[in-house]
């Protein structure tokens, strides 16, 4: 055990921010590593806006849903590989080296994307960005966790979560800034290389994780760094506790033995930690967060917002709320605890997903009808499916847009967008002509008087998700594993997160086309209910515990139905047993 179990309360929040003048070295370590979270967040957010303009530049992307999903999800596929390799890199070469490599890969990807001449090269650039994001996503919280005093560890790792959401907010600002610039989406994607360069420079001059150094036999370097992190009356105790932890680990497993997957599963504390850590990462994605972050402008268009610029502006609101939620997490994480925050978060997520399902059900079932009469200038541009239909009485805007074989769009009434409009072939000519008559042109969603409620539903979802499910899974995974297994297990959990992310990103648009938007959000709501029960049963409370103390709690029991019971009580029981 590294010292006694501290009491975490609101003072941890104040102490975290007092580091700016008391111990700026710790804050500098956390911020520099946390830029990896900024990379993660920027890439997540920027593609949602860039995709609107990529579709305009490359017509095959606009026509083929699988190309849109591939451009989004190939970064996720790269992140899966990056996270898997990142676990090995972290254990073999250290946390700092892994972050530097991640920055280099991200920069290469940004340059390729900005200079791409078509979807294939764009996808290659997305893969390289994914490599970097995957490595950074699991390394940044690990580095921060290992370089943080236990009392404020949650708050400092939450700083990484704040930079993730801050990166998403920044990406929407960048998207809006370049909406009128030539080569719109190229600027949006190319600017992504700047945070990578910044982190590379900052990390180059910072030390390696002290715990990693100690485990590699570089005690002198590790002790020098720990003396900068802890106060004079704490540092000797921390050094001695770390030394005992490493010696105990080496006696059990040997100093240089290779870690095998069978060993991970057979070791009770590691197995229980992996179930909780991997489960949280999977559910973080399967409750639907990255459908909101990758496709939020598209979701607003599905709700009846016709303009690209308006959809991006509304997405900026959700991104801003996401960043605010991360600030809430920094305040509450070491006061309320990880588990309670997860439970409260999931309750809000379930309610908001039910609301979104109802909003989109109303939007899709009450869309404007298609007028049987066509204005003279559109006579030669009527949607072929509509023209050939035997009975057009049942045609409305939604049916018009689903005539995908022909690629049709809906030109709303000039009098009122909710009145009957025209179903036309979707191309630049009809779009410009429709706009020329001061009418709204729809290709992805239909006019609706309740569509604006989608903003409220998404806002409630983000407010609920961000402080809990948004940041806590990364915090738990940075502190739940024994030191020997931390890099490998963190890599496994991050890989599970990115695989789940890929499944959601690759299937969202296809699901909305196949079963409809309301049923897609309802499905995410059902998964959120399952996630709530998983948290109540399988996830331990780690608030205020030193990393080595978490082992004792996992050793004591696997299931924890009473989520309000203090984790320190559990550790005290194990110590007195």
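Just so you know, glycine gets a Cβ as well, placed from its N, Cα and C.
Automated prediction, rather than curation, is the source of TrEMBL annotations.
Between the stretches 239-262, 311-334, 383-406, TrEMBL puts its transmembrane segment entry on 311-334. Range 97-115 is the one annotated as transmembrane segment, of 2-20, 97-115 (source: TrEMBL). In this chain, the transmembrane segment (521-539) lies out of contact with the transmembrane segment (121-144); the count of Cβ pairs under 8 Å, excluding pairs fewer than 6 apart in sequence, is fewer than 3. Count of Cβ pairs under 8 Å against the transmembrane segment (488-509): among 66-85, 184-206, 274-296, 341-361, 521-539, the largest is for 274-296.
Take the transmembrane segment (29-54) and the stretches 66-85, 97-115, 184-206, 341-361: counting Cβ pairs under 8 Å, 184-206 has the most. Taking pairs at least six residues apart, the transmembrane segment (274-296) and the transmembrane segment (97-115) share fewer than three Cβ pairs below 8 Å and do not count as touching. If you look at the transmembrane segment (184-206), the same-chain residues 6 or more away from its ends with a CB under 8 A from one of its CBs are 28-29, 32-33, 35-36, 38-39, 42-43, 46-47, 49-51, 53-54, 57, 96, 99-100, 102-104, 106-107, 109-111, 113-115, 125, 129, 132, 167, 171, 174-175, 178. Outside the transmembrane segment (66-85) by six or more residues, the chain places 43, 47, 51, 54-55, 60, 102, 105, 109, 119, 122-123, 126-138, 294-295, 491, 494-495, 497-499, 501-502, 505-510 with a CB less than 8 A from a CB of the stretch. When Cβ-Cβ distances below 8 Å are used as the criterion, the transmembrane segment (97-115) is approached by residues 33, 36, 39, 43, 78, 82, 86, 89-90, 121-122, 124-136, 139-140, 143, 186-187, 189-193, 196-197, 199-200, 203-204, 208 of the same chain, each at least six residues removed from its ends. Within the same chain, residues 16, 26, 30-31, 33-46, 48-50, 140-141, 144-145, 148, 184-185, 187-188, 191, 195, 293, 309, 312-313, 315-316, 319-320, 322-323, 325-327, 329-330, 333, 466, 470-471, 474-475, 478-479 sit at least 6 positions outside the transmembrane segment (156-178) and bring their C-beta atoms closer than 8 Å to a C-beta of that stretch.
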